[in-house]
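What Swiss-Prot annotates here:
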type     : residues : note
TRANSMEM : 24-44    : transmembrane segment
TRANSMEM : 55-75    : transmembrane segment
TRANSMEM : 80-100   : transmembrane segment
TRANSMEM : 105-125  : transmembrane segment
ACT_SITE : Asp135   : active site
TRANSMEM : 145-165  : transmembrane segment
ACT_SITE : Asp153   : active site
Amino acid sequence: MATRNNGKSKAAGSKSGGGHGVGPWLGLGVIWILLDQLTKIAILKTFAYGESRPITGFFNLVLAYNRGAAFSFLAAAGGWQRWFFTGLGVAAALFIVWLLKRHSGQKLFCFALALILGGALGNVIDRLVYGHVVDFLDFHLRGYHWPAFNVADCGICIGAVLLIIDELRRVRR
């Protein structure tokens with residue numbers, strides 16, 4: 001069964017109603033990309049590759065390159081991974097834009113997707129421009145270092161956690 005809304009057909013029970021369309025969510029994604037890219041530019045201008053500067057007892061800024069995916073997965077592959085992960089990031093971004101269009105009224109869901117979109121495209125830009133992802137956030141404890149990451153990765157992780165929270169809330173309703 002379909003209902004009419006401003007002359008557009010919408011499936012009954014659709015959860016996308018309301019909202020201001022996809023524009024604000026795409027805008028948030030662009031803001032996240034800019035934050036990611038500006039921080040990377042600042043690090044690239046002030047650090048030599050491998051240089052590390054302690055900030056606290058558990059956090060350093062460091063310039064590291066990642067030719068693979070999360071945790072340097074496939075970093076040592078023969079170079080094909082650059083294009084594979086670039087294509088994967090573009091495909092994910094297109095799917096996210098489609099989801100944003102379908103569900104623009106679901107605030108938490110779309111906020112999460114916008115962060116993931118910004119993060120995915122931030123890392124795609126790195127792969128296209130540099131041939132690798134620029135990482136610089138280094139957390140450590142008692143000699144163990146979490147793999148270095150960046151603002152784009154933060155967007156992806158925060159977005160993923162928010163998607164889980166959104167789904168848990170939806171299941172409870």
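Note that Cβ sites are derived from N, Cα and C of the backbone, with glycine treated the same way.
Using a Cβ-Cβ cut-off under 8 Å and counting only residues 6 or more beyond its ends in the same chain, the transmembrane segment (24-44) has close neighbours at 61, 63, 97, 100, 104, 110-111, 113-115, 117-119, 121-122, 125-126, 134, 136, 150-152, 155. Under 8 Å from some Cβ of the transmembrane segment (80-100) lie the Cβ atoms of residues 22, 25-26, 67-69, 74, 110, 113-114, 116-117, 120-121, 123-124, 127-128, 131-132, all in the same chain and six or more residues away from its ends.
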